[in-house]
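*Asks:* Just dropping this structure here.
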């Protein structure tokens, strides 16, 4: 085993020197042993391997990175593998990558995405991250609208707990937003994407503008230096408002308008928001950063602890690491690991295959199938993975409950070497399906309890939640006739694309258009009360000036913007009559997370409407619809970094390859294929098209409708079709999956839609048309 690596030095915000790579692995010869791929004699349709992970499919792409859904071969646990091409990163980008890595390695909180393993070659870095199967909070809001305050409180307590934990470790996130909040299989929060995070010291100011403009604190727009935590506190206020109201407190048709509204500090309070919640917001959204509450103070707030009077939210106390769990140790010994290397890897925080196996054995599976895991013996070719830093990663919802059937639709990854195939011998062990007390700090019974989500996935409603009834009306408050965001009809009309400026491709994320149009029709006109801040900053125009040595955009975030199979994000409403909302799209620079180095471009664009970017020849702006738009008036598309004037790259316009068992498959493979059954979806509320028809009949109906709409399709699995519509290279081109799934505990089947590539609007148009024409 190699010795512990020297930790990365603290990086200055302005420092742009080339970081040394020696800390990643001082022995280049060991790198070649870190990866084992497929034996050339294995079947052609077998998925490639990286280390102990079988790659299942691509779930995100960027200019310099890619994310693959993978399965840990030894334990069967699903993970996300982020593949970063180091040769494409400049020195500044490498610095931020290493800083992100260092930060992720010291964070052990149950509501923060966890790093498992790092594998490095000379040109490529493979990062194995925790997998959150529930998708983004953003997608949940898109599909369901605002949360009731009880649900919002459960989520927000977890968010505050995790962010306060970061602050007590002198780490500031700087990019908190609904898109960076994930949900696991039990609907618990997982904070992701620490690419803009940094270490702070009170008295040493940070001076870089970074973050997403709608969530950015006013002092960032003014170009002031910051301590750090106060900008996270402001962003948390925006998040709380978004959870409870379903809209952003500050928006505008362009960056200049947004900036003016943030600096004015005025926002609308919807009538249904409780007084306690309104009072809490006033502690977050204070223009003067020195007067904003600390998170320790926020934890004691009345609204935060409603229903938790005997369990007041307190700072999380990280439990002592558990490096000697006898159950996991014995399991690993039975796989072929020695007790000495297990202890050395854990105590030394190697982040190698040994540590990853130990951690994964302690993690609860996101699978629906049960409490058993199949363990395989360790491969004979020993691996020693480098203890390299690892960036944060956006984890994704599972796309397959059966690894035998999953075939990757894009198996091209950087530098996957070949190696001997794995042993076929396996042994089954009944293992607890819960997380034991372990070194990651994910112990539910620690000194400060981690806020739990009271909403198990199977109890989710399929329809959009009704308006909250816990309104506190004040007769002394002037009320507007506009609603912040309750027009649910538009939820079925827009779709989302996720990503970050100049890195994430449109195909890195699926889109959504799921909601019931009937809900908003029955709603009375909503009223609002207004609240304005008492501090009015100078009305300067534009964003703060930049210097030539400001930070440049980080390269490591694109793969993190890809909860591809979010249960709430990929199902199409059958209603398609509501108007499209595009005044606040996710795919434009005005909503992108960026560093100060990008401000020159931003200033050039700040007078453009949100729906138009200079890169988009076809972008057209719709008139601003006031405060009454749906969440799609804020979030209609994800960030797109590819210049839309450029044609689709070959990597994006993939030719669909059949992955069904054909003439090259064995008789056993063919038999397994014939006997395959629809997989069960954990979240019943993600099913929008349900039927009591037999799965085979549903597949025939789907193919019939696809043919009628000139859509090409190929059988990817027994009950999954890969579909294509439009002309490659054109805006109407879209690829998506249609899968027949079983609803747990019900005698019904449903159809799941998931976008693979193409614009969100193109996907929405064809998917809505198909959903409407299906006769199920």
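Note: Cβ is positioned from N, Cα and C throughout, glycine not excepted.
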*Asks:* Among the residues 508, 568, 680, which does Swiss-Prot list with the feature phosphoserine?
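*Replies:* Among 508, 568, 680, the one Swiss-Prot marks as phosphoserine is 568.
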*Asks:* When Swiss-Prot marks a stretch as region 'Disordered', which of 1-46, 47-92 is it?
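*Replies:* In Swiss-Prot, residues 1-46 carry the label region 'Disordered'.
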*Asks:* Run through the domain 'UBA' (323-362) and tell me, per DSSP, how many residues are helix, strand and coil.
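*Replies:* Helix, strand and coil residues of the domain 'UBA' (323-362) number 28 helix, 0 strand, 12 coil.
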*Asks:* Residue 710 (phosphoserine): which of the recorded positions 61, 91, 294 is the nearest Cα neighbour?
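*Replies:* When the Cα distances are compared, 61 comes out closest.
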*Asks:* Take the C-alpha atoms of residue 208 (phosphothreonine) and residue 92 (phosphoserine) and report the distance between them in angstrom, rounded.
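*Replies:* Just about 14 Å between their Cα atoms.
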*Asks:* Within 10 Å of the Cβ of residue 91 (phosphoserine), how many other Cβ atoms are there?
*Replies:* 12
*Asks:* Cα-Cα separation of residue 294 (phosphothreonine) and residue 63 (ATP binding site), in Å?
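*Replies:* Just about 38 Å between their Cα atoms.
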*Asks:* In this predicted model, what is the average pLDDT of the domain 'Protein kinase' (53-304)?
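*Replies:* Across the residues of the domain 'Protein kinase' (53-304) the model's pLDDT averages 91 on the 0 to 100 scale.
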*Asks:* Cβ neighbours within 10 Å, counted over all protein chains: which one of the modified residues 92, 208, 294, 710 has the most?
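*Replies:* Max Cβ neighbours within 10 Å, all protein chains included: 92.
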